Amino acid sequence: MADSSITVGYQILVFSAGLSFLAGFLINAFIVAVNISEWKKGRPMSTADKVITSLGISRMVFQVSCLLNIIWDIYFYRLRSLFIVSVIFLESTSVYSSIWLSTLLSVVFCLKISTLHNAFFLRLKIFVLNRVSCLITGSVIVSSSNILIVYSMANFAISNNSTRGTYNNLFLGLSISANIFLIVGPFLIYFISSVLLIIHLYRHMSQMRSERNTTSHLDIYHKTIKFTEFSLLCSTVYMLIEQTYPYFYDVFGLLGCYFFWQIFPTLHSIYLIYVTTKLRIQVSNMVHKLRRRCGDPKASVETVFQ
C-alpha cells in the first residue's frame, strides 16, 4: 500500500514537472513567434529583440532536452545510445548559450539606456550594437565548441586506462578553464553591466526629482530597475544551480533538479513579456479574443456557423 502511494505521488510529481516544462516552452515559443512574425511583416527587429528571440530559442531547446532526459531517465535508463548523448550535448550547449545571451542582453540594455560620453564607452556601444547578430552566433558556437571539447576529453580519458592520471589532470584543467570562460566571465560582465545600469538610472531619477518632473515619468525608470534586479537574481540562481548540480541531484533527484533549474528562466521570460510593450499587447489581444469566444454568446454562435 505504501509503495503504491509513493508511486502515485511520484507520478503526480512527474506530471506537475511536465506541465511546468510545457508552460515554459510555450511562453518562450510565444516570445519567439511574436518577434519573428513582426520581422516577417517587414518591421525592423531591434538589437534587443534579436537577443531576446535567440534567448527564447535557447531556453526552448533547454526545456525540451531536459524533458527528453527525464523521460529517458525514467523509462529508458538501461539503454545507452547516440540519442541521449545528443540530448545531453544540446542541454549543455543551451545552458551556456543562455548564460552568454543573457549577458549580451544585459550589455545591450546598459549600452542603449546609459548616456555616458566616454570614448571607450561610445566605441563599445557602436561595436556591440552593430554586431549583435555576430555576437549571438559566436555565443552559440563558443558554447557548443567548449562542450564538445570537454566531452571528447572525458571520453578519451576514460578509454585510455594506461595514462588515465595524465588525461584526468588535463581534463580537470580544461574543465576549470571552460568553467571560468563559460560561467565566471559572463557572470562578471552581467553583474557589472547590471550594476552600472542601475546606478545610471538612479542618478537620472535624482536629477529628474531635483528638476521637479512629474512622477509619471519616473515609473518607467522604476520598472527598468526592478526588471534589471529581477533578471540579475534569476541569472544568479540559474548559474548557482548549474554549478551545484551534483548537490541538487543528490537532494532532489533529476526531476527536482530540472524543475528548479528551469523555473527561474521561465519566470524571467514571463517578466520579460510584462515589461515589453509589444509582447504585452499581444497577450492582451489573445486574452481579449479568448474572452469574446468564451463569454460572448453571439460570438460563439457566429463562430459555429462560419
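Placed from the backbone N, Cα and C atoms, the Cβ positions cover glycine too.
Note that this is a predicted model, so its numbers are computed, not measured.
Feature annotation from TrEMBL assigns transmembrane segment to 12-36 (among others). Packing against the transmembrane segment (12-36) from elsewhere in the chain are residues 45, 49, 52-53, 56-57, 59-60, 63-64, 66-67, 70, 74, 255-256, 258-259, 262-263, 265-266, 269-270, 272-273, 278-279, 282-283: each is 6 or more residues past its ends and has a CB under 8 Å from a CB in it.
Per TrEMBL, the feature transmembrane segment maps to 57-77 (among others).
Per TrEMBL, transmembrane segment is recorded for 83-111 (among others).
If you look up TrEMBL, you'll see 132-158 (among others) marked as transmembrane segment.
Annotation comment: TrEMBL describes 170-199 (among others) as transmembrane segment.
Taken from TrEMBL, the feature transmembrane segment applies to 220-241 (among others).
What TrEMBL lists as transmembrane segment is 247-274 (among others). Sequence-remote contacts of a segment are chain residues at least 6 beyond its ends whose Cβ falls under 8 Å from one of its Cβ atoms, and for the transmembrane segment (247-274) they are 13-14, 17, 20-21, 23-24, 27-28, 30-31, 52, 56, 59, 62-63, 66, 69-70, 73, 98, 227, 230-231, 234-235, 237-238, 241, 280, 283.
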The transmembrane segment (57-77): which same-chain residues, six or more beyond its ends, come within Cβ distance under 8 Å? 14, 17-18, 21, 24-25, 28-29, 32, 83-84, 87-88, 90-91, 93-95, 97-98, 101, 140, 254-255, 258, 261-262, 265-266, 269
